[in-house]
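Asker: Summarising the annotation, TrEMBL assigns transmembrane segment to 17-38, 44-61, 82-101, 107-123, 156-173.
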Amino acid sequence: MTPSLDHQLKEFRNRRFLAMPLAGTLAWALIGVAGQVLDARWHLLATYLLTGCIAYLGMGLSKLTGEDFMAPANRRNVFSKLFMLSMGQALLAFAIALPFAMVRPESAVFTVGMLAGFMWLPMSGLIGHWIGAAHAIGRTAMIVAAWFLAPDQGMVWVPAIVLGWYAVTIAVLEQRWHNLSKQPTPAVAVTPV
């Protein structure tokens, strides 16, 4: 028997949600390093390859964080499927950035930095917490500002902005997880026989 949507949502919301922000942090830290050590002609490739690995890296890290995205119970959860689809949507959004980057390669880090962060908006609704919306909106606004203020410094500012938002997001999600784990589990009523 399939659990109710309410039950599935409760199960989904009781997860830690640490693997994906850790994966994003790792990828964007490497993009920042690539921006400093690689010739500019390699920046586009580094940005696409490393951001394209975030979902897969997150799946691997989810085993270490106890989230295990690919566990059978998670694959059957409707909200886990929506979460995975929102990650897929972020990857599909790269189709907007690719042709634009062919004309202006320096734009890739800006567009990918914004588009890859859009998955945090539906995530906010899925987990019932403000941090996803704050991450998506704050990250986008700051990257747009960086694009106008320092268009030649994208490989410096965009990774710094994204890493800053990941630091805030991880801290808030870990506090959320800590608060959830402190909540008492409902007592099971036992009827005497």
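Residue numbering: from 1, along the chain as shown.
Here the Cβ of each residue, glycine as well, is placed from N, Cα and C on the backbone.
TrEMBL entries are annotated by machine, without manual review.
These figures come from a predicted structure and were not determined experimentally.
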Asker: Any residues 6+ beyond the ends of the transmembrane segment (82-101) with a Cβ under 8 Å from its own?
Answerer: 12, 20, 44, 48, 51-52, 55, 58, 69, 107-108, 111-112, 115-119, 122-123, 126
Asker: Would you kindly list the residues that approach the transmembrane segment (17-38) from elsewhere in its chain, counting only those six or more residues past its ends and only Cβ-Cβ distances under 8 Å?
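Answerer: Sequence-distant neighbours of the transmembrane segment (17-38): 46-47, 50-51, 53-55, 57-59, 61-62, 64-65, 67, 69, 87, 109, 116, 123, 127, 154-156, 158-160, 162-163, 166-167, 169-170, 173-174, 176-177.
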